[in-house]
Amino acid sequence: MTSRVSRLDRQVILIETGSTQVVRNMAADQMGDLAKQHPEDILSLLSRVYPFLLVKKWETRVTAARAVGGIVAHAPSWDPNESDLVGGTNEGSPLDNAQVKLEHEMKIKLEEATQNNQLNLLQEDHHLSSLSDWKLNEILKSGKVLLASSMNDYNVLGKADDNIRKQAKTDDIKQETSMLNASDKANENKSNANKKSARMLAMARRKKKMSAKNTPKHPVDITESSVSKTLLNGKNMTNSAASLATSPTSNQLNPKLEITEQADESKLMIESTVRPLLEQHEIVAGLVWQFQGIYELLLDNLMSENWEIRHGAALGLRELVKKHAYGVSRVKGNTREENNLRNSRSLEDLASRLLTVFALDRFGDYVYDTVVAPVRESVAQTLAALLIHLDSTLSIKIFNCLEQLVLQDPLQTGLPNKIWEATHGGLLGIRYFVSIKTNFLFAHGLLENVVRIVLYGLNQSDDDVQSVAASILTPITSEFVKLNNSTIEILVTTIWSLLARLDDDISSSVGSIMDLLAKLCDHQEVLDILKNKALEHPSEWSFKSLVPKLYPFLRHSISSVRRAVLNLLIAFLSIKDDSTKNWLNGKVFRLVFQNILLEQNPELLQLSFDVYVALLEHYKVKHTEKTLDHVFSKHLQPILHLLNTPVGEKGKNYAMESQYILKPSQHYQLHPEKKRSISETTTDSDIPIPKNNEHINIDAPMIAGDITLLGLDVILNTRIMGAKAFALTLSMFQDSTLQSFFTNVLVRCLELPFSTPRMLAGIIVSQFCSSWLQKHPEGEKLPSFVSEIFSPVMNKQLLNRDEFPVFRELVPSLKALRTQCQSLLATFVDVGMLPQYKLPNVAIVVQGETEAGPHAFGVETAEKVYGEYYDKMFKSMNNSYKLLAKKPLEDSKHRVLMAINSAKESAKLRTGSILANYASSILLFDGLPLKLNPIIRSLMDSVKEERNEKLQTMAGESVVHLIQQLLENNKVNVSGKIVKNLCGFLCVDTSEVPDFSVNAEYKEKILTLIKESNSIAAQDDINLAKMSEEAQLKRKGGLITLKILFEVLGPSILQKLPQLRSILFDSLSDHENEEASKVDNEQGQKIVDSFGVLRALFPFMSDSLRSSEVFTRFPVLLTFLRSNLSVFRYSAARTFADLAKISSVEVMAYTIREILPLMNSAGSLSDRQGSTELIYHLSLSMETDVLPYVIFLIVPLLGRMSDSNEDVRNLATTTFASIIKLVPLEAGIADPKGLPEELVASRERERDFIQQMMDPSKAKPFKLPIAIKATLRKYQQDGVNWLAFLNKYHLHGILCDDMGLGKTLQTICIIASDQYLRKEDYEKTRSVESRALPSLIICPPSLTGHWENEFDQYAPFLKVVVYAGGPTVRLTLRPQLSDADIIVTSYDVARNDLAVLNKTEYNYCVLDEGHIIKNSQSKLAKAVKEITANHRLILTGTPIQNNVLELWSLFDFLMPGFLGTEKMFQERFAKPIAASRNSKTSSKEQEAGVLALEALHKQVLPFMLRRLKEDVLSDLPPKIIQDYYCELGDLQKQLYMDFTKKQKNVVEKDIENSEIADGKQHIFQALQYMRKLCNHPALVLSPNHPQLAQVQDYLKQTGLDLHDIINAPKLSALRTLLFECGIGEEDIDKKASQDQNFPIQNVISQHRALIFCQLKDMLDMVENDLFKKYMPSVTYMRLDGSIDPRDRQKVVRKFNEDPSIDCLLLTTKVGGLGLNLTGADTVIFVEHDWNPMNDLQAMDRAHRIGQKKVVNVYRIITKGTLEEKIMGLQKFKMNIASTVVNQQNSGLASMDTHQLLDLFDPDNVTSQDNEEKNNGDSQAAKGMEDIANETGLTGKAKEALGELKELWDPSQYEEEYNLDTFIKTLR
């Protein structure tokens, strides 16, 4: 069965295959847009999306639900009684009357049927369940549960269900067997054909499973519902409708008819567009809710045993019910009361089913923090969507059922144990109920019930139940607090007691409980209750007692809990009542400070810091009795100890001293008397959960200082934030305390042997100064003691930066360096044979160690070993060893150098961080020092070299502070130099700012293309990568600093820093009008740098700066875009593009007006190159922001895709490929604000062109200006419209309609029309452009006559010359060429006489069967590509036969460069597509293949048009292909077996040596021998045959002739087939007729046959051995290579016109192309082409327009031979070919071409692999079981892991089940 994938299907498949969620969502949203544009196709769209709701992949189901929601949102609400409300009897149109008549008759039929008890729709509701009958106890007692998978995967049912399982298994086997029989049955007469071994069944099962997994989802029939079935079962319903359909009224303006005007105005072509099979559904289409079918399918799936199907069904119902609950089950013809009742019953039935799922579902997915029950969550959302549409009575019933689910009263359920999953489901239902129907709860007094349920849930032992219970009240706390105080008090008491109990690390519910508590504490009512309780029980209920209960959760293992407790602390701090702040003390400060030091999560680290700052601020405001320094008196020292713990390097960690870590009063241990349990649930995982895992120490790596595990940045960031928090704390201390602390503690940190304390002390001092100055009035100075204490130490080290000691943290790197030095010395001894005594002594102890002395090993020692010592030792080596030892010594020496550089780098980074913070501090407490250089150098070094972003940003802030101080002190020159250096940092990365001197030589090249090829080449260069990394770091530092500078100085920055304006604009303005050739390297680099700086700084500029300084200079930038130097054009293009990303309207308006016209500048290559390069960079930098402007770019790009310059061509096509895929999205984009009016109008004009290009159905109808003698069908007129569109815009294309649809006729129409229009224009204008030019048709030689005949038939007014025949014939024809309108020639002639044909320019150059030029390297392809023509057109039924590369060759003829160079195409498309064909490729490679295929499809989409016969010809009879098997004859069998035995080993060896040409040749010869033998033994028995004598003996013994028909079973089979067709019947009954003395002869046979063979010899045997000997009455003709190509059309014509000719004998090569042989209705292949496309084309000679009979195709195949195997494979290939070639194009609406490429789709290839495996032996079949999957696992491990279906990560669950987001969708 062939896979059929239209463009719409491709769009739908993106729901599953999209590489990111953004892509998948976009695909889903486009489904909604399609539904909006084509509401009549809503059901069709839904049927395609529906299967994706039920797949295994989570994200696919969710995206499919989104698509369903988008589709149904655009369907009108269904109210069949709407007209009941409208009075009046206005007369309508005949169509309206017809509809009224249909409805009236329908009503009568309904009433009649009801009276006869045949149809009573109301009584059909008996299967619906009601809430009154919903009994929880019965449901739970039934024993039925819904787990993760069905009973086929797990034995979950009791003994009672054994029979069901057995029956299911039996049905499975029956189904598989029947499938096997149907597909593999070769010959009905062979009794053993249906007998299948167990192995075959197992293989079939696997194959079925694989194909199920790999084939695209087929649309599902969602139109059929119980209601529509009931309606259709009414008597005479169809007849009634049929009679109505044929009534006169229904023919008026009938939308089911296509009417096509013809050139001859007296004719109209009228065609039916609706197939009869669809008529039946249309009878009831307007009588039933259109979604009834899908609604019922989803209802059935809601109770599926597979959780994925349940989940998908719930999602689908949710989307359906949101808008369309009102329409469920309503039927036209019922009264409103009846419909209301039906609707109410159906919705009640849905509610009861949802509740049942709550009760029975047991599936849960454990994600990090909690369990998520996706089925129950989605069912709860569906219930919420349903509740909006239900009345009060049903809502109360649902609430009561949910309450039963939660409480599970044992008296009611009769079960001793409660089922927590049912409770969980009930709570989820109530959670959504509460959010949706808040007012309803108050109106019916249900809020107290809700509270009771919440309290019940909170008191359960299951975390998941507690978590949902807590979340129920969170959205309605403001309503809840209005209840009586006792209820609030109970809840608050419960929550605090829970927090006291939930003290283990796996309590996932803590976060939800804390969120609820935080919300409650926002309300004064709750605070009042807490105050009152505090007065009564101060020790228990004051905030001072309550808040410490939260402390243990600060370091909880679950991040959401840590976040919740921090948010709760902020909530408590924001309470306005001062009396609630009595819990602020030293302990909470210290615990939160520890949180900062220990937190690895960046978001929570920042939140911890914010909480700490809030604590300080509130303490300062509220507490006056105790100063902050008093509070910190006991905590300052321990905090500083922890903060100053050194941060080591890999190989040496420094752990925090645990005695300084304060633990909260409540520890992490479980109470010995109770242990909590995780909720037991069914999950896909069998991973055991270890016991006693309650405490997880998440802080262990941080406490241990584990650099390897955490990375340097994670640890450093916590210390930097800690230092900032510490500094902030100190800024609130009293001066006396500060002075003492600075003198006795902090200043000593500056002299510690570790670098970390020194750096952090620097940060503390600088941040302290900054905080202190912010807290005090402007102008007030820092206390003098700060400068006195720190200034001497810091200044000394800044002035003597080289006098730093070697820090202890550097010891590991020095030890590693020493090891490399020792290794070098050892190499001298081991390889260089140097005596030990000649080696220098290297100290064992390294600098930095505690015992290190003055002679300890350091970097200096290593440098001596590397240089001085190395040279001495090498000289002293024996000469005989020098050569041998040179390579090992150089390697070892290089490793020493690498280690030296590494050690220096580490030391430099650490000293740099220290000095930068010292410099920052001195600037703050001393102001500008006299010696600025040490300060500037330290800060700038940190900006350009610091790897930690926080430290780099702090250095940048200090540089900006320095610039401010310099400006205040009028030191403009110094500040200007700093800014100049910062701008220099932006230009060091040559990937961003090119090097002028290197690129100045390029003038007629596009630099973008050069840089891209260079970047690919440089990827593997390690040195370049390191330099690039350093340049990027420097650029990043410059950007950070300049961004801060722009923020601080604002719009006045260019006034305050004139040097910056100069850097930005002066060099551009100075050289604006200067010739590029006169610019020297220095000036050129300045210009390039200006562009680079402008690009980088533009995003930081204010709007006023942009308007006044940048937009006014666009003309200056434009001069450089037009420069003759590539580097200037590149810089200007990138600058424009980056500016457009920020200010799109201004830049794009200028681009459209001033720059796009340059793309058509024929006289200036630099204009075309610059403008094309700009568009390329616009598409890259703007990404989807370019959407509103895409419409302006397409046409100029199309023009440049055929540019004479290769670089322009390549870049234009690359750009076109990237933006063409955005065109479908452009239509929905509003005009950008501020876009000038004339551009808005222009956009509409451009859109008209684009719409025609992307959707030929929008192509303007082309009325033929001349009378073509043919009647065009609708689709043919559409094709001509498309060809006319291509003609108008000078585009070229491929018309690849299915064979037999009239490609020739459509081509004649456009050629003849254009010829006429050009002639008309020439007569008016005498323009050279419209002078008369002939058109050239190049086709296979057998079709030259066919084209001549077609032109004579349809356009006889055109003079046609067939330039074909031998050289002498062609010589006589050459004089006629100059006068011809049409020249028809063959490919061979075109190649041989290219010089003759090239003398003429052509209007059209048409390649018929254009796939012949698929090999781009062939002389033929190269020849036709040299022909000059205004328009190029390829006609082919099969544009791709084997390889996607063939498509490149076709487009290289049409538009050279459109698909890039062949090499580029290979890299971008062919390789990834080919790689994805291998079933063993990774999922990443598979996706790359799919994306490449999709990208290629989108790029070629506008230039290929394909329609299929079955889609455009409703009157074309079917084509039936059958295999006809025959056994080998005895002689053939003997020869075949002898050959295979002897040749098998030889062939095997040849296959091993298949790279050798001779080996390949031998294999081919062997295959050809076997192939010929299968046809006839005479074809192989040459005089040289080794067994000739044996054969002759055999023939003598049997008395047979070699050419006897007994020796040729294929001829016997052919005779039998012909007899069955009624051909040659006279020969059977000849004897009988002679006896009766009168002849039995039919002049015309019932059937006529085309008989195809590969070889002319085989045709001879059919003619001589069969027809002449055994079937002399058969009349026949022959068409093979011996017939002159010019005479072949005569043979065709005679055969078609003379029905008494029974058979036409053809060779596939000659008769398989382009010919119209509709006179035959039977096609018989005696021999077969190994390329299935050729056979496919051959059989379509008969199956084409004009054929009135069913076409039967017979393939005669010899059983048990190579032929059968090859044909089995070919049969598979034909399936793929069918996928590729016979794909529907959805008419012209999608102009689809991807089906032509689907041969390269991974899905199809997998099928091929399976087919080949099934042909293998049992070992191969067995091996299938154990192929490693993408995880690398096989066997049972693979199966086990395979059960773990892919779910989303927690963040995606949060997104899908976010209550607030969901509620918004309902409103």
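Here the Cβ of each residue, glycine as well, is placed from N, Cα and C on the backbone.
Feature list (source: Swiss-Prot):
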BINDING   Asp1297, Asp1298, Met1299, Gly1300, Leu1301, Gly1302, Lys1303, Thr1304  ATP binding site
COMPBIAS  181-203  compositional bias 'Low complexity'
DOMAIN    1639-1787  domain 'Helicase C-terminal'
MOD_RES   Ser93  phosphoserine
MOD_RES   Ser677  phosphoserine
REPEAT    289-326  repeat 'HEAT 1'
REPEAT    445-482  repeat 'HEAT 2'
REPEAT    541-578  repeat 'HEAT 3'
REPEAT    1108-1145  repeat 'HEAT 4'
REPEAT    1188-1225  repeat 'HEAT 5'
REPEAT    1495-1537  repeat 'HEAT 6'
MOTIF     195-211  motif 'Nuclear localization signal'
MOTIF     1408-1411  motif 'DEGH box'
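The record gives Asp1297, Asp1298, Met1299, Gly1300, Leu1301, Gly1302, Lys1303, Thr1304 for ATP. Within 8 Å of the mean position of their Cβ atoms, the other Cβ atoms in that chain belong to Gly1437, Lys1509, Arg1744, Ile1745. Cβ-based neighbour count (10 Å, all protein chains) for Asp1298 (ATP binding site) stands at 25. Listed in sequence order, Gly1279, Leu1295, Asp1297, Asp1408, Leu1435, Gly1437 are the same-chain residues at least 6 apart in sequence whose CB falls under 8 Å from the CB of Lys1303 (ATP binding site). The predicted model assigns the repeat 'HEAT 6' (1495-1537) a mean pLDDT of 81. Neighbour list (Gly1302 (ATP binding site), Cβ cut-off 8 Å, at least 6 residues apart, same chain): Arg1273, Gln1276, Gly1279, Ile1745. Non-local neighbours of the repeat 'HEAT 5' (1188-1225) in the same chain are 26, 30, 1004-1006, 1008-1009, 1144, 1148, 1152, 1156, 1159-1160, 1165, 1168-1169, 1171-1173, 1175-1176, 1178-1180, 1231-1232, 1235, 1239, 1242-1243, 1246-1247, 1249-1250, 1253-1254, 1289, 1291, 1455-1461, 1464, 1495, 1498-1499, 1501-1502; each lies 6+ residues outside the stretch with a CB under 8 Å from one of its CB atoms. The highest number of surrounding Cβ atoms within 10 Å, among the binding-site residues Met1299, Leu1301, is found at Leu1301. Under a cutoff of 8 A between CB atoms, and with a sequence separation of 6+ in the same chain, the neighbours of Thr1304 (ATP binding site) are His1346, Trp1347, Glu1350, Asp1408, Leu1435, Gly1714. In the repeat 'HEAT 2' (445-482), the DSSP tally of helix, strand and coil residues is 30 helix, 0 strand, 8 coil. Residue counts for the domain 'Helicase C-terminal' (1639-1787) under DSSP, helix first, then strand, then coil, are 60 helix, 26 strand, 63 coil. A sphere of 10 angstroms centred on the C-beta of Gly1300 (ATP binding site) encloses 20 other C-beta atoms. Taking all protein chains in view, 22 other C-beta atoms sit within 10 angstroms of the C-beta of Asp1297 (ATP binding site). Across the repeat 'HEAT 6' (1495-1537), the DSSP tally of helix, strand and coil residues reads 21 helix, 10 strand, 12 coil. Mapped onto three states, the DSSP output places Gly1302 (ATP binding site) in coil.
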